[in-house]
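Notes for the one structure printed next.
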Amino acid sequence: MELSSACNLSLKPNYYYYPTSLFPSNNSYNNLKASSYYQTQRPIKCCSYSPSKYCSTKKLQTTHLLGLYAKHKCLKPFSIGHLPRPNSLTAWSHQSEFPSTIVTKGSNFGHASWKFVRPIPFVAVSIICTSLFGAELLKNPNLFSWQLMFDAFQGLVVILLYHIYINGLNQIYDLESDRINKPDLPLAAEEMSVKSAWFLTIFSAVASLLLMIKLKCGLFLTCMYCCYLVIGAMYSVPPFRWKMNTFTSTLWNFSEIGIGINFLINYASRATLGLPFQWRPPFTFIIGFVSTLSIILSILKDVPDVEGDKKVGMSTLPVIFGARTIVLVGSGFFLLNYVAAIGVAIMWPQAFKGYIMIPAHAIFASALIFKTWLLDKANYAKEASDSYYHFLWFLMIAEYILYPFIST
């Protein structure tokens, strides 16, 4: 006979008592352990209590397995105080579920938001701003102050919010193709709702504009920033969708990454330092160098997305001419850019530190050749193409890290 068909009598708060008449042999504990309802957290003692006084023994013999707390008239717990002992562990766990759920949801949303802002470009923008401002500060160390650093930090926040705004629009309107090309993005992976994405995008645009006004950046910088907010929207938002056309996509990258951001940051940096804007040779070099890279990156960015672009009908250069052709052409122009940088250092030693520029760009060029060879060896698979494109971003970041130290 199973123990679960017995009546139980709770005489003490820490024990369950079961009548000995219910056990078929003296080896009661062995039978008890064999039962699927054995409870390890409370010791069980046997007593001489007879169940016939409270329920029929005939029913006990024929009752099917119901469990210690099943809905049966003979299985209700009974205590001296006529009150069942509350399960304090269960109650505590229910009380602790609420804060635990809040923490988990907050952590998941934070992780999805970090993926939403695209970490690699986010870090790249931070380095670009720091490098351009740092180059001006190194030339004028006497102007350093903590208030200056605080104002510069607020300017960095403006640029980062602009970056979130641009990337947010791009992900919202590219959701269908991202499910194929970039399934790890939070919207494509359904880790974040479209409503939350819109909130982050609009908040970033409004907050950055308000911060610009608070910093009193002047009419020229504020109007220029508003223009880039509009141009950034036209890149992704229908019916414009400049990114769908190779020419308009390249033009946007050239104006935004190559000229716009660099000019905006340098102008703001010198204004913060109380200096007039000036076209110095190092700044002219970085504008020309990065503008060329921005054109190359706008072409090569579609190499990892060939399959998805074909399915959604996007006519990108890798789709038309093939990934291998575009990669070889893009890498070739990248190498020419490095050759030009070495030539500039040789021709204008009075403006540039050749002992830094020449070996650094030679190393960058060698690394690019090796990475292109690895991509060709991998037959331009998506994973290898992603790695190659990210490596190009690292090369551009390395150029900005080098920038404050190339000027004589």
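Just so it is clear, glycine is given a Cβ too, placed from its N, Cα and C backbone atoms.
Remember, predicted model here, so these are calculated numbers, not experimental data.
Features of the protein shown, as given by Swiss-Prot:
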TRANSIT   1-46  transit peptide
TRANSMEM  119-139  transmembrane segment
TRANSMEM  146-166  transmembrane segment
TRANSMEM  193-213  transmembrane segment
TRANSMEM  217-237  transmembrane segment
TRANSMEM  257-277  transmembrane segment
TRANSMEM  281-301  transmembrane segment
TRANSMEM  326-346  transmembrane segment
TRANSMEM  355-375  transmembrane segment
TRANSMEM  388-408  transmembrane segment
Should the transmembrane segment (257-277) and the transmembrane segment (119-139) be scored as in contact, given a threshold of at least 3 Cβ pairs under 8 Å and pairs 6 or more apart?
yes
With CB pairs under 8 Å as the measure, which of the listed stretches 119-139, 193-213, 326-346, 355-375, 388-408 comes out on top against the transmembrane segment (281-301)?
388-408
Do at least three CB pairs under 8 A connect the transmembrane segment (193-213) and the transmembrane segment (388-408), leaving out pairs fewer than 6 apart in sequence?
no
Sort out for me which stretch, of 119-139, 193-213, 326-346, has the most Cβ pairs below 8 angstroms to the transmembrane segment (355-375).
326-346
